[in-house]
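Features reported for this protein in TrEMBL:
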type	residues	note
DOMAIN	10-212	domain 'YjeF N-terminal'
BINDING	63-67, 126-132, D155, A285, G339, H385, D457	(6S)-NADPHX binding site
BINDING	N64, D122, S158	K(+) binding site
DOMAIN	250-514	domain 'YjeF C-terminal'
BINDING	K427, G428, S429, T430, T431, G456	AMP binding site
Amino acid sequence: MRRAHAVEWVRAAEGELIARLPEGTLMQRAAAGLAATCAELLREGVPGRVYASRVLVLAGSGDNGGDALYAGARLARRGARVRAALLAPARVHAGGLAALLAAGGRVTDDLAEAERADLVLDGIVGIGGRGPLRDTALPWVDAAGRGAATVVAVDLPSGVDPDSGAVPGAAVHADVTVTFGTHKPGLLVDPGASYAGVVRPVDIGLGEVRGAGADGEALSTGASGAAGRSLRGADTTPLLLDGHVVEALQQEDVAALLPAPDAESDKYRRGVVGIAAGSARYPGAAVLAVGAALHGGVGAVRYAGAAAREVVRAHPEALVGEGGPKDAGRVQAWVVGPGLSQDAEAERAVEEALDAGVPVLVDADGLRLLARRGAAPADALLTPHAGEAVALLAGIGVTATSAQVEAERLRFARELARGYGCTVLLKGSTTVVTGPHGPARVNPTGTAQLATAGSGDVLSGLAGALLAAGLTPLDAGSVAAYLHGLAGRLASGGDVPVAAGAITAALPEAWRRSCHSGGATG
Ligand SMILES: NC(=O)C1=CN([C@@H]2O[C@H](COP(=O)(O)OP(=O)(O)OC[C@H]3O[C@@H](n4cnc5c(N)ncnc54)[C@H](OP(=O)(O)O)[C@@H]3O)[C@@H](O)[C@H]2O)[C@@H](O)CC1
Ligand SMILES: Nc1ncnc2c1ncn2[C@@H]1O[C@H](COP(=O)(O)OP(=O)(O)O)[C@@H](O)[C@H]1O
Ligand SMILES: [K+]
């Protein structure tokens, strides 16, 4: 599991450590890790060596600038030609600047340095950053973007909000981000994540106080007994003092969660999923959802609705009926909503699925109908895209646009989970799955190739099957998003457009790679 901790947690952990260590130790650890990564990048790329390479340090007014200046000093001692642009000269980290100058580095205000550098170190702002990048930084960020330098962000790309991943203005596009102690949520959630490049955690010893590795691996258990304590009010994303706030499933986590039949399994024990989707006008949604559900690890898929004939023609394995969920026979979970339309019959299907007493995944038209209720059963899984999230938010009295939802996914997904009292999977460039409490999961496997009509129906069928197979709504949603993303990548091979049916066709291979070690992306 990859875990990210909120800024307040990082500050608290660092505070404990700083009190025990000689002054400056943490910054020296950070700078050493940073310089080692930069040296490696200079040796691997252009110019192929550290000696005589051109390095530009962008130093802001806080400790993030200090890290960058000390790392610059280390590179200068190894023969690099290091220049530093001081964005707030009066407040620059004095020790860092002195170290750089003593090592032979120089201060510059020549923007051309950014364009001819081999490597740019972004130390403008780190976890202390708030709001859009200030004007003094913008010409340097632009110039670094124009040049061919490898851009290394210190702790996180400047301009990315550390806790939310929001990017309220210009931000540094990094090739590599060297992050200290633990991931920050903004590195795992878009739009911020797309500015971070490859993220390399550096261990600065947070584990000495909390049992954590460089990845913050063991931080979730906490040592002080205050796990889960919220530092903020109930209406915002909670910052858990002793726990991570965001996590991303890795291949081994998915392998452990995937349902597998055993010797005693039969088709009913494996779970049966019911799909109430499609309509005379949109039969395709039913066909796609059922098709994906058939690959979702259940023993059988029941279909209930107006597209029964189309469904059985496409998938003879499905058990179909033209009535609603009430008449369909026993299932262990329902999927309701894709392509359902919003007429009285659709409304009835949603009611019946919600009243069935089993976990229910609500998607698409089902969500718009659910918004009128403003509440859902605790074991429901809602799967909105940003537009549907806006309608759901309106149902609980929150006004937001889809652009706002996309800018702050963690916050709005959490607000929906709290408002409806269930689990929410917010689709998009970073899919977020969260319940009302506990860490939110972000999906690491997505690809923009998934943005194709019917792709959401595939996800619904798959996640519904995993629910019926016995996974919790959080696990079902996050495992489905993982497999769906991986299938999308496999189907597209990176840059070939895919149709939704091709995502389904790639699900078995995505599943195979996920249950064997070393096969998947993440
Ligand atoms: N804590 C530790 O033990 C360790 C911390 N470490 C390092 O310290 C970093 C945190 O340092 P930090 O707390 O000094 O904050 P930092 O990110 O440099 O920013 C604050 C400065 O930026 C300014 N500023 C704010 N917003 C801005 C904007 N949008 N655009 C431009 N400027 C903006 C703000 O100005 P002000 O608002 O005061 O005018 C203030 O002066 C952390 O990320 C890691 O790299 C490591 O060494 C390991 C040990
Ligand atoms: N830019 C993107 N990057 C990654 N995944 C995306 C992106 N845009 C959309 N997706 C994914 O594609 C799927 C689209 O679902 P949805 O919007 O419901 O489409 P439809 O209703 O046509 O089936 C979701 O799984 C979503 O997370
Ligand atoms: K930075």
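Backbone N, Cα and C define each Cβ position, glycine as well.
Unlike curated records, TrEMBL annotations are generated automatically.
Feature map: annotations from TrEMBL on the structure.
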residue: N64; record: K(+) binding site; DSSP class: helix
residue: I127; record: (6S)-NADPHX binding site; DSSP class: coil
residue: D155; record: (6S)-NADPHX binding site; DSSP class: coil
residue: H385; record: (6S)-NADPHX binding site; DSSP class: coil
residue: G428; record: AMP binding site; DSSP class: coil
residue: G456; record: AMP binding site; DSSP class: helix
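All protein chains considered, the CB of D155 ((6S)-NADPHX binding site) has 28 other CB atoms within 10 Å. Maximum C-alpha to C-alpha distance over the listed AMP-binding residues K427, G428, S429, T430, T431, G456 is 14 Å. Listed in sequence order, the binding-site residues near G456 (AMP binding site) (C-alpha within 10 Å of its C-alpha) are H385, out of G66, D122, H385.
The Cβ neighbour count for G456 (AMP binding site), using a 10 Å radius over every protein chain in view, is 25.
The Cβ neighbour count for K427 (AMP binding site), using a 10 Å radius over every protein chain in view, is 25. A strand conformation is recorded for D122 (K(+) binding site) in the three-state DSSP classification.
In sequence order, D190, H385, A386, E406, R409 are the residues near G428 (AMP binding site), counting only same-chain partners six or more apart with C-beta under 8 A.
Residues K427, G428, S429, T430, T431, G456 make up the record's AMP site, and a Cβ search at 8 Å around their centroid adds H385, L426, V432, N443, G446, L450, A481 from the same chain. Taken together, the residues in the domain 'YjeF C-terminal' (250-514) have a mean pLDDT of 97 on the 0 to 100 scale.
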